[in-house]
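The block underneath contains the structure these notes are about, expressed in structure tokens.
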């Protein structure tokens, strides 16, 4: 698909910086640029060309570099030029105004990648992966998305498509040419093949559900009695005063949250209300929220006061009952002479021992997750569920009737949905919906 519209957009973040990149793609980019430069810009010759951007009065706007990508060897498959200018947004706005005046059009979100897909430069799976790569919350998701960008998901889906196509062809031979006995296939043979495909789809679906969880931050709940320094530890981990620190017991009445990055992974810390023991058993100062935080957390830090350390066995039993890994750490080591193992001083921000242990645990946690094949978008997961349901219906409907011309309709439906998943038979409404979620300039 070749568009007649020349689109441009800022591909870098819209604030003053060292430089900016303006992407410009379409059939007439050279013609338009030659109206606003003081040198002849041609499709031949150097891939990088230096020139001045000038206005109608030949007033200099900026000294720029043009990175030229000639069709079809460009990101969009069209002639594409990236204008590298100095990083003042005043300059960017002037250049964009000139492009607009000379025939360019502001690109919609994701329009460059949409053109790449429509021009056959990448598959729909790969195009979807581009946006997810930009938005990846941690290194593991980034690596998984890169597998899709490399085409591994397409290979899996192509195999499934070929298997379903083969099933449809075998059934159609039975329907259209019943006299050719040598070509007849037993229904039991078809069923076994369908069951194998269903199992493969189930694995992809289950993997994809895991990916949703991986987009959530790794949650750590800080648990302990009142005034053991939970809020101080939260502030030390975040390197900012997120929680109120006070000597008054029970100052934290609610769960205070904060996010930080640890070795490429997004961590959410939950500072909970102090848990106090009374005759009635464990009492939650923040009502039930502290214990809800334990249930939600991937890991618990059980914080004790090093000046009078005493573990609450009932609380530890609660961790184990909920199958929660937990670290026991002793805070306020600056107030004691004999140091405990796993001791810190949150107030003094002496928490290296804890951070090292967290880093090791989180690296091991994510290392256990296999970088398998995942569907990364909701629309993909909906389609693959439909494909699985059609194949299951193929097996289920045999209890009612065994007519091949009826049963094959379920395989044909699955066949069509696989084509949609591969982007080979997809409507423009879905395509537009997918790319509207992209950022500008991509």
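Don't overthink the numbers, they just go from 1 along the chain as shown.
Placement of Cβ uses the backbone N, Cα and C atoms for every residue, glycine included.
Among the candidates 23, 43, the one that Swiss-Prot lists alongside 82, 121, 442 as binding (6S)-5-formyl-5,6,7,8-tetrahydrofolate is 23. When the C-alpha distances from residue 231 (Mg(2+) binding site) to the binding-site residues 23, 82, 442 are tabulated, the minimum falls on 442. Comparing residue 82 ((6S)-5-formyl-5,6,7,8-tetrahydrofolate binding site) with residue 230 (GTP binding site), their Cα atoms are 50 Å apart once rounded. Cα of residue 227 (GTP binding site) to Cα of residue 23 ((6S)-5-formyl-5,6,7,8-tetrahydrofolate binding site): a span of 55 Å. With respect to Cβ neighbours within 10 Å, the binding-site residues 121, 442 differ, and 121 shows the lowest count. Geometry remark: residue 121 ((6S)-5-formyl-5,6,7,8-tetrahydrofolate binding site) versus residue 230 (GTP binding site), CA distance 53 Å.
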